[in-house]
Amino acid sequence: MRWLRLYLRSRRVAPALAVSTATAALVWVLALVYSDAGTIDARAVSLTVMVAVAAFAATLGGADDALDHTASINWPVRRAGHLVVTAAVIVAPLLLTTVTDTRFAPLAVVVRNTVGLLGLTALGAALVGAALSWVAPLSWTLASLLPFIEPSTKPAMQVAGWLIQPAGTTAATVCATVLAVTGLAAYTLRGCPRRPAAETTPDH
Amino acid sequence: MMGRILRIELRRSAAVGVALLLLVIGAMALLSSTQGFAGRWMQLAVSVRAGLLVLWPLALAGGAWLGRRDARNRVDELFASTGRPRWQRILPTAGALAVAVVSAYVLLLLVGAGWVLPTADYFPVAAVAVAAVGALSLVAAAWVGMAVGRAVPRLVTAPALAVAGVALAALLPDWMTVSAVVDDRPAPAALLLTPVYIGGLDDFQTVTARVNLTQALWLAALATTGLLLLGAARRRGIALAVLPAVLGAAVAVPLMPTGGYQAAADDPGAAELVCDDAGLQVCVARVHAALLPDVAGPARQALAMMAAKLPDAPSRAVEDRQVASWALAGQDRTPTPHPADTIVFATPTIGSDGRADLSGDYFLPLLLEAAWRQDCGDQAYDRDAVLARTVAAAWLTGEPPTPEDWWDVEERALVDSAYRTLVGLPQAEQQRRMAAARDAALSCRADALGAIVRGEIP
């Protein structure tokens with residue numbers, strides 16, 4: 001228990017949790033007040049999930065990268081666990097809204113977008129470090145907002161706009177799965193790249 | 001001294017990374033729909049402005065990332081304790097980011113120009129102004145982002161700011177535009193505060209100098225606020241820094257026209273006629289001059305087919321230069337009838353190379369039907385009149401009409417019987433009826449035109 005508490009604190013999980021929950025709550029309240037539709041659309045779902053994922057991106061790395069590679073602790077298992085639990089924590093508040101009249105739905109889209117974006121972030125963390133891992137998910141999510149990106153039957157468009165395809169679009173699901181699996185594997189096996197421990201504040 | 005630091009910042013800071021990100025994402029967005037702007041400078045400028053939907057929030061995020069640098073490296077206190085004025089350290093960094101984002105924007109325009117330059121014949125100066133306002137908006141975004149990044153040096157600041165930017169600069173104005181159209185009222189003038197171009201611009205429209213100037217004023221004020229906030233060290237500095245943006249908005253909003261981006265103006269230069277006189281005259285608008293070689297052939301063919309069968313056949317084909325109704329929300333359109341010796345044809349599809357895309361054989365029937373078409377303003381849809389034009393065009397070609405996929409069984413039967421009745425008549429009677437139908441069409445009597453289909457004798 002003590003290890004877990006120290007780990008959560010060293011990864012600054014509390015602010016990330018606060019940001020992700022607050023974002024979901026804010027979008028939900030805005031939709032409740034200003035929208036007549038019962039379902040929050042795929043673009044808003046993507047933006048909400050993206051902010052949550054970016055908030056948790058900071059928790060993927062610690063203050064000292066070298067410490068996270070010491071062999072006396074089984075880091076790969078912990079890193080994998082961290083990602084899986086993070087995905088669950090991001091989906092949980094969105095899932096909670098399904099009992100209300102204004103909901104993040106359908107569930108398949110919420111889960112697909114969360115695991116896909118989280119995988120992309122983990123992949124970024126493994127390649128360029130946690131501090132810059134939000135750039136790819138942010139860019140892809142914003143690009144999905146372009147007016148000509150829409151639900152389509154063309155596989156190229158389904159991949160480019162995978163975030164806003166309806167549930168059950170094969171190419172979009174495959175794209176999200178590939179991102180999730182690659183990210184999970186890369187981050188689990190490799191972790192963040194080792195930078196020299198300088199006198200910098202940890203990324204928060 | 002300042003120049004040297006600027007060069008170092010450009011080489012070593014995140015500015016170049018931000019610029020590359022803008023360039024790659026912007027180019028992908030732009031090049032995925034080249035047919036939207038091929039051959040037209042104004043449409044290129046507007047397309048890049050529409051791309052600001054993504055680029056503007058990314059510039060905000062990039063600025064926030066750079067603004068957070070001092071806090072991340074724990075040098076805030078160190079720099080605060082040096083005896084140099086703060087702006088001396090701020091300017092090179094802010095300048096480097098501004099240079100980077102503007103370069104990315106200009107490169108983006110140059111990439112797009114590759115699809116415009118080969119075929120464009122008309123260069124409206126307003127396109128430069130539209131593009132310049134976009135560049136200014138990116139500088140404003142970058143500097144405001146830096147100020148926010150400095151004030152809240154968190155990792156999540158950059159992405160959260162980007163999302164807030166999208167919401168404020170694109171989603172909210174878009175929603176307001178749509179709800180204004182739904183309620184049939186002009187959208188508020190304040191919509192023009194966003195640099196993201198919402199909706200589209202017709203090829204025969206332009207953005208007025210008034211809009212460009214007020215937007216430039218507001219965005220310059222916003223950029224100034226960002227820069228001053230970045231340099232502010234005390235409360236009073238912060239209060240003074242907010243002043244330009246508030247003043248800018250207060251001055252600009254009353255000067256902006258209502259209707260948001262629907263408040264575009266007609267561009268007489270774009271609508272000027274360019275004609276091909278080698279044979280019967282065929283004209284297109286100057287903005288579509290590149291289409292003329294492709295259009296002239298089918299247009300003359302259509303005129304020849306009309307001359308062969310129709311008494312008093314038209315001898316001239318001109319492109320329709322009316323601004324499309326979607327670009328004129330809520331505005332009344334006055335019809336401009338054309339004389340009987342002219343057919344007015346709709347602009348053919350423009351391909352991604354800026355030339356006319358005539359694949360699908362849709363264009364010749366369109367030209368033939370144009371003989372029975374007149375600009376009558378916003379008349380109610382008359383099914384019989386639409387079908388009558390199909391029958392008339394088929395009569396000119398001498399082939400039975402090819403069924404359209406939107407016809408139902410009844411419409412198909414109507415067209416078939418109308419065509420068979422018509423070709424069963426003596427030649428002189430056929431010509432008399434079609435000429436009468438043409439008179440009806442040219443004088444906006446839709447039901448008299450529809451008589452062809454209903455089997456009544458006009």
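Placed from the backbone N, Cα and C atoms, the Cβ positions cover glycine too.
Annotated transmembrane segment per TrEMBL: A:12-33 (among others), in sequence order.
Per TrEMBL, the feature transmembrane segment maps to A:45-63 (among others).
Under the heading transmembrane segment, TrEMBL lists A:83-105 (among others).
Sequence-distant contacts of the transmembrane segment (A:117-143), counting only residues of its own chain at least 6 positions beyond either end whose CB sits under 8 Å from a CB of the stretch, comprise 46-47, 49-50, 53-54, 56-61, 65, 83, 86-87, 90, 149, 160, 163, 176, 179-184, 186-187, 190-193, 195, 203. What TrEMBL lists as transmembrane segment is A:117-143 (among others).
The transmembrane segment annotation in TrEMBL covers A:163-187 (among others). Distant neighbours of the transmembrane segment (A:163-187): 42-43, 46, 60, 79-80, 83, 106, 108-109, 112-113, 115-123, 125-127, 140-141, 144, 149-152, 155; these residues of the same chain sit at least 6 beyond its ends, with a Cβ under 8 Å from one of its Cβ atoms.
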Who are the chain neighbours of the transmembrane segment (A:45-63) in space, where the CB to CB distance is under 8 Å and they lie at least 6 residues beyond its ends?
10-13, 15-16, 19-20, 23-24, 27, 82, 86, 89-90, 94, 104, 109-110, 113-114, 117-118, 121-122, 124-125, 129-131, 133-134, 137-138, 141, 144-145, 163-164, 187, 192, 197, 202-204
